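Right, one structure below, let's go through it.
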Amino acid sequence: GSGAAARGLDVASYRERVRAMFYHAYEHYLESAFPYDELRPLTCDGQDTWGSFSLTLIDALDTLLILGNVSEFQRVVSVLQEGVDFDIDVNASVFETNIRVVGGLLSAHLLSRKAGLEVEAGWPCSGPLLRMAEEAARKLLPAFQTPTGMPYGTVNLLHGVNPGETPVTCTAGIGTFIVEFATLSHLTGDPVFEDVARKALKALWKNRSDIGLVGNHIDVITAKWVAQDAGIGAGVDSYFEYLVKGAILLQDKELMSMFLEYNKAIKNYTKFDDWYLWVQMYKGTVSMPVFQSLEAYWPGLQSLIGDVDNAMRTFLNYYTVWKQFGGLPEFYNIPQGYTVDKREGYPLRPELIESAMYLYRATRDPTLLELGRDAVESIEKISKVDCGFATIKDLRDHRLDNRMESFFLAETIKYLYLLFDPDNFIHNDGSDFDVVVTPYGECVLNAGGYIFNTEAHPIDPAALHCCRKRREEQWEVEDLMREFYSRKKTKKLTLKRAPDHGEGENAKDSQDASSEKAGEKRKSKKSSHSLLSCPSQSFNSKLAVLGQVFLDNT
C-alpha cells in the first residue's frame with residue numbers, strides 16, 4: 001500500500017482485529033490444549049513442550065490485562081495457583097523457564113492489583129504469584145553451580161542438573177537472567193538470584209575476544225568457546241538486550257558500559273550497509289552473510305539507547321524482507337536476497353513487530369503502522385486455521401506446522417496490540433501512578449517506564465524500590481537525616497533522587513578513585529558502629545545512601 005493510504009490507516013480497527021486474533025487463539029488453547037503447554041492448531045489438541053506447566057496460560061496472562069480483560073486475568077490467576085506444580089520430574093530449559101515462567105509470573109504479580117485482585121497486605125513484596133515465581137527460579141539455581149558461574153542450559157526440576165548434562169550453553173542462555181532475577185531479589189529480599197545473574201553476565205564479559213566480541217556457544221566448565229560465530233542473532237541476542245534493559249531497570253552504569261563496548265565492536269566488525277552479518281569472534285572475518293529473523297529485535301534495542309536513526313535504517317532493511325515473503329524467514333541470505341535451505345519458516349515471531357512498537361513510540365513514523373498492518377493481514381491470511389494460528393513451515397508455499405508457540409500470545413499479539421493502542425496503560429508517561437502502602441513505607445507503582453523481559457513480560461521498575469528488607473538501613477538513614485537537621489547549620493542541604501541499587505552501594509556516583517576505595521573499606525569493615533557513619537568523608541563529595549544523594553550546595 002502507498003504511504004498516503006497508511007496515513008489514513010484505521011488504527012482502532014486494526015486494534016480490534018488483533019484482539020480478535022488473540023481470542024481466536026486463546027479460546028482454542030483453553031478448549032483443546034489446556035492443561036498442556038501448547039496448542040497444536042492443525043489437530044486441535046495439546047502438547048507439553050518446555051516443561052509441563054500450562055505454559056501458554058502463564059505466557060498469555062499479562063496480555064489479557066493489556067487487552068483490558070480483568071475477569072479472565074483473575075480467573076487464570078486462581079487456576080494457576082491451584083494447578084501449577086514445579087516439583088516435577090521434567091528436564092527444562094533454564095533460559096526458557098526463566099523468560100516464560102518466571103518472567104510471566106513476576107509480571108502478573110506486579111500487575112495483579114491493577115487487575116482488581118485482592119492483594120496481600122505485604123504486596124508487592126509478597127503474594128501467591130511472587131511465591132510461584134520464586135519457587136520456579138529456585139529450581140533453576142542448581143544450574144548456576146559451575147566453576148565459571150555460567151549456567152548449564154538444562155536442569156531437572158526435581159533432581160537438579162542431570163549427571164552427564166552437556167556443559168555447552170549458548171551465550172543468551174547465560175546472559176538472560178538479570179531482569180527477572182534482580183526483580184526477584186529486590187521483591188523477596190533474597191540476594192542470591194541477582195548475584196548468580198550478575199556473576200554469569202560478568203563471566204561472559206571476561207571471556208570476550210581481544211577484538212571485543214562474544215561467540216555463540218561456550219563450555220560453562222572450561223570457559224572455552226565452542227561456537228565462535230559472533231553476531232546479534234540467535235544464541236546471542238538477548239544477552240545484549242539484557243545488558244541494556246538491566247542497566248535501565250537497575251540504573252546500573254556498569255551494565256550499560258559493557259553494552260556500549262560491545263556495540264562498538266558490533267558496529268566495527270559485523271555491520272555492513274545497515275545489515276549485520278556473522279563474523280569469526282577472534283579474527284572478525286565474515287562467517288555467514290545471513291540475516292536471521294531473531295535479529296529483528298535490534299532496532300528496538302537501538303531505540304532504547306537513543307540511536308533512532310540507525311535503528312530506523314536497519315528496521316527498513318528488515319521490513320523489505322518481510323514484504324518479499326509476507327513474514328521473516330528464519331534465515332535470509334543477504335547477498336542472494338533469498339531464503340536459506342531448511343530455514344524458510346516463520347513461527348509467528350514477534351521481533352520485527354517489537355522493534356516497530358519501540359520505534360513508533362520514538363518517531364510516530366506511519367511506516368511502522370504499515371508493518372503492523374502487513375503483519376495482521378499476513379498472519380490472518382497464511383496461518384489462521386479453525387483451531388488457532390499455526391507456525392508457517394515455509395513462506396514460499398505457505399505450508400504450515402502443527403504448532404502454536406506460547407510467544408505468539410505472549411509477544412506477537414501483545415506488541416501488535418501496543419503498536420495500535422497508543423493510550424494503553426503500558427505507554428504511561430508518568431503522569432498517572434498509584435501509591436501503595438507497604439510495610440517499608442509508601443511506594444509509587446504503575447507510573448510507566450515498564451521494562452519488557454525478552455518474552456514481552458512488562459516489569460514495573462518502580463516496584464524494585466518498594467521492598468526494603470533491611471530495616472536497619474532505613475533507621476540509619478533516618479538517624480542520619482535527624483543528625484543533619486538537628487545541626488541547624490546555615491549550609492543548605494539539597495536532597496536529590498539517584499539511581500537506587502537497593503543496597504546503598506551506590507557511593508560510586510561521581511567520586512574520585514580514592515574516595516571510592518574508602519567506600520569499599522567502609523563496606524568491608526563489619527564493625528559495630530553504623531555502616532553510614534563515615535566521619536572521614538567530608539560532604540563536598542556526593543554520598544549516596546539508599547539511593548538518596550546528599551549534595552552540599554556551597
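Counting starts with 1 at the first residue shown.
Cβ coordinates are placed from backbone N, Cα and C, and glycine is handled just like the others.
Taking the Cβ of E96 (active site, proton donor) as reference, residues of its chain lying under 8 Å away and at least six apart in sequence are, in sequence order, W50. According to TrEMBL, the feature active site, proton donor maps to E96 (among others).
Per TrEMBL, active site is recorded for D237 (among others). Here the Cβ of D237 (active site) has 25 other Cβ atoms within 10 Å, regardless of which shown protein chain they belong to.
E330 (active site, proton donor) has a Cβ environment of 22 other Cβ atoms inside 10 Å. Annotation source TrEMBL lists active site, proton donor at E330 (among others).
If you look up TrEMBL, you'll see E351 (among others) marked as active site. Around E351 (active site), the same-chain residues six or more apart in sequence whose CB sits under 8 Å from its CB are S293, L294, E295, A296, Y297, G300, L328, listed in sequence order.
Long-range C-beta contacts of T454 (Ca(2+) binding site), restricted to its own chain and to partners at least six residues apart, with a cutoff below 8 Å, comprise I99, G103, T176, V179, D237, S238, E241, Y242. Annotated Ca(2+) binding site per TrEMBL: T454, in sequence order.
Residues annotated as compositional bias 'Basic and acidic residues' in TrEMBL: 497-521.
Among the features that TrEMBL reports, region 'Disordered' is placed at 495-535.
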